[in-house]
Amino acid sequence: MSDDKLIPATPDADAYAKTADANAAEIFDRDEPFALFADWLTEAKKKEPNDANAMALATADASGLPDVRMVLLKDVDADGFVFYTNLESGKGGQLADNPQAALCFHWKSLRRQVRVRGAVEPVSAGEADAYFASRARDSRIGAWASKQSRPLESRFALEKSVAREAARFGLGEVPRPPHWSGFRIRPLSLEFWRDRPFRLHDRMFFDRPDLGSTWTVTRLYP
């Protein structure tokens, strides 16, 4: 049995009552998931203390062992959810071998969650170039300096690599490295979840058999 001081206690009736959404209006009033997601993300941007666009990205390695990490959503539209990374990182290699992924957004301030599952495809070079150019110069230099996910001798070694790349580019442009780009998760399913008292949560599930099909909408038991 784990230390009961480490794990939060199970809420009692009074505690559950305090978690009730003050806005009792129906929040699943969209029949298109991307529009509903845009509504929720807009609300989260106003209430989350930081990084409302943070999402857990789950992939799997060649043996099928799952892997998960937090990344930042950088674009979303009817085609899917976009993030950027070093293509030579662990997630880059896993997605190259198995182009499928799952996402999870969890906004504590809203007591809401969105789960996404789907196929993964690379963004275009033009998209990657445009986003890379929008980043801070030091971040662009860092993308050249960091051999992401590979062993690092010391923090000093990283800082030396950053200084070397900064000197190499001088005052000139810092182009996008060939090993740095983005991926788009094209959903086959999305689930929208809202916390409700006594674990009687609201769940709305959107799914489709393929990317060209229309969405089926199903309310799920909690």
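Keep in mind that glycine also has a Cβ here, set from the backbone N, Cα and C atoms.
Around LYS91 (FMN binding site), the same-chain residues at least 6 positions away in sequence with a Cβ under 8 Å from its Cβ are LEU57, THR59, ASP67, ARG69, VAL71, THR85. Positions annotated as FMN binding site by Swiss-Prot, on the basis of sequence analysis: ARG69, MET70, VAL71, LEU72, LEU73, LYS74, TYR84, THR85, LYS91, GLN113, GLN148, SER149, TRP193, ARG203.
Residues or ranges marked as substrate binding site in Swiss-Prot (evidence: sequence analysis): LYS74, TYR131, ARG135, SER139, ARG199, LEU200, HIS201. When secondary structure is read from DSSP and collapsed to three states, LEU200 (substrate binding site) falls in the coil class.
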Lowest local Cβ density among ARG69, LYS74, ARG135, ARG199, HIS201, which the record lists as binding-site residues, within 10 Å:
ARG199
Which one is it, among the binding-site residues LEU73, TYR84, TRP193, that lies nearest to ARG135 (substrate binding site) by Cα separation?
TYR84
DSSP state at VAL71 (FMN binding site), helix/strand/coil:
strand
If I take the alpha carbons of TYR131 (substrate binding site) and TYR84 (FMN binding site), what is the distance between them in whole Å?
9
How big is the gap, in Å, between the Cα of LYS74 (substrate binding site) and that of TYR84 (FMN binding site), rounded to a whole number?
7
